[in-house]
């Protein structure tokens, strides 16, 4: 971790950069999701130095610095660092007066085709105006809608695809299941690549691939080609799941991040809200292939939006080649034979051999860090706080996809016998619940965190509130943990007995409200438990929950056939209810103990 900026260099009184007494408290953890040491590359250091120099000049000419202002630095901050370790953002409370954002010159902006972006890249993303922050959040939310839209757009058309290729319903369901599986695996690498290549490059590259794979899915000649192309398109669109939350964390400070994260998740939730309706209408009027053409066109539109409107927000990229070379040199030095080095006749030959070994080690380390190290994020599950958040989110998400399969299966058969368009409309109630919960739930959680900090009397030396991640799990968590299991059990029995459609649809609405409270809470807590590994934490969450969603999608239809719709969702609801109660109790009882000192153990687990 970088050394602290000296007070006389930053223009901040020394009293404002003292470390807090408690390592478990924070006012604004910087979850930029780089998860890596700061870059040593020359161009990035120049940008960083220029930003700090201009920032000091701007402060001197436009504003008075008082004792409540904090140091301005691009380094990552971790609220879990013990007091004996130096911290680069020791005081990170919200500024009473925000300095003007310092734009990066056009020629020095990072990212693919960055000169075409309307929004300028700045040296400190926190300094964007609120209007630009919301615009960036809106763009990422739109991009985040693509992947879940692809998973649910074909739900009303499953019977048409089954008839077109002459296969069973279970085989057709594989196109959804493997789509979800790819959405769980690919984000591991998207997250890793975003640390070295930047956010913008990953977004643009992944959406170009998404468009290509959906075009190939639309012209598929057999079920095997269709399933493979669907799988690849899901992996391409999944980049936003891992990198999107990191982008939100790049520009929003912690006191406003709950609301911003809620708005960001409107995108992934609006996808399932609209896609079954669109898919039903398209498949009934133009055939199921039109759904894949729609995804290709929508993906191309998002790609253009990202190209022209999304600047790079990652503060510093991880210099993968430089780190690999340094490790290779260190390994070569350790393995040297001093006697061989001191023999002059062998000097030239030994030097050549060492050079070959050095280059070989360097490229092997690059390959390992790029393709194998991303799998190490599963080691985060050894930490109870992370494991519980991921587990509960996984149970909730898997239940959602079993519910999706059930809606199509039950309401397209007797006694309902609805058409594809009507079946698509039946996904609207739970999606409406997601929408409303996302709008109001994030703001509600922010208020709860502030209330809990005031109740505990947690104030910094400057009078600002100090927040804890587990404060997000209060009455909102209890409501969500009880509401959605009860709703899904109600849906199961009302749909099985063929009651009026309003019964199961009302139940699905409350399922959407309750489950969204859990989704948003678990994801935001992960970014705060892993403040310098935010995109990795979100990728781990997606990895686990999408794997179980894949399994749920495959087993849903046979399970409902075997034991019935009511019994299936009674079992799911019972497991969810017990899991929720135990998770909330454990986080309340042991959360503070688990969190303290977790940072050092995380670095050890990741081999850093």
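Cβ coordinates are placed from backbone N, Cα and C, and glycine is handled just like the others.
No curator has checked TrEMBL annotations; they are predicted automatically.
Database features, via TrEMBL:
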REGION    1-98  region 'Disordered'
COMPBIAS  69-81  compositional bias 'Basic and acidic residues'
COMPBIAS  82-92  compositional bias 'Basic residues'
TRANSMEM  134-158  transmembrane segment
DOMAIN    136-591  domain 'Major facilitator superfamily (MFS) profile'
TRANSMEM  170-190  transmembrane segment
TRANSMEM  202-221  transmembrane segment
TRANSMEM  227-251  transmembrane segment
TRANSMEM  263-281  transmembrane segment
TRANSMEM  293-310  transmembrane segment
TRANSMEM  377-402  transmembrane segment
TRANSMEM  422-445  transmembrane segment
TRANSMEM  477-494  transmembrane segment
TRANSMEM  506-531  transmembrane segment
TRANSMEM  543-560  transmembrane segment
TRANSMEM  566-587  transmembrane segment
Margin query: Do any residues, 6 or more residues outside the transmembrane segment (543-560), come within under 8 Å Cβ-to-Cβ of it, and if so which ones?
Written below: 169-170, 173-174, 176-178, 180-181, 183-185, 187-188, 377-378, 390-391, 393-402, 404-406, 409-410, 568
Check: Under an 8 Å Cβ to Cβ limit, what residues of the same chain, 6 or more beyond the ends of the transmembrane segment (170-190), are close to it?
Finding: 147, 150-151, 154-155, 158, 161-162, 202, 206, 223, 226-227, 230-239, 241-243, 370-371, 374-375, 377, 401, 405, 538-539, 542-547, 549-551, 553-554, 556-558
Check: Are the transmembrane segment (377-402) and the transmembrane segment (506-531) near each other by the rule of at least 3 C-beta pairs under 8 angstroms (pairs 6 or more apart)?
Finding: yes
Margin query: Given a Cβ distance threshold of under 8 angstroms, which distant residues of the chain, six or more beyond its ends, lie next to the transmembrane segment (422-445)?
Written below: 152, 155-156, 258-263, 265-266, 269-270, 272-274, 276-281, 400, 403-404, 407-408, 411-412, 472, 476, 501, 505-506, 508-517, 520-521, 524
Margin query: If we skip the immediate neighbours and take only residues 6+ beyond the ends of the transmembrane segment (293-310), which ones have a Cβ under 8 Å from one of its Cβ atoms?
Written below: 113, 116-119, 135-136, 139-140, 142-143, 146, 149-150, 153, 199-200, 203-204, 207-208, 210-211, 214-215, 217-218, 233, 237, 278, 282
Notebook entry, point to check: When you scan the chain for residues with a C-beta under 8 Å from the transmembrane segment (263-281), skipping those not six or more beyond its ends, what do you find?
Noted result: 134, 137-138, 140-157, 240-241, 244-245, 248, 291, 294, 404, 419-428, 431-432, 434-435, 438-439, 442, 516, 519-520, 523
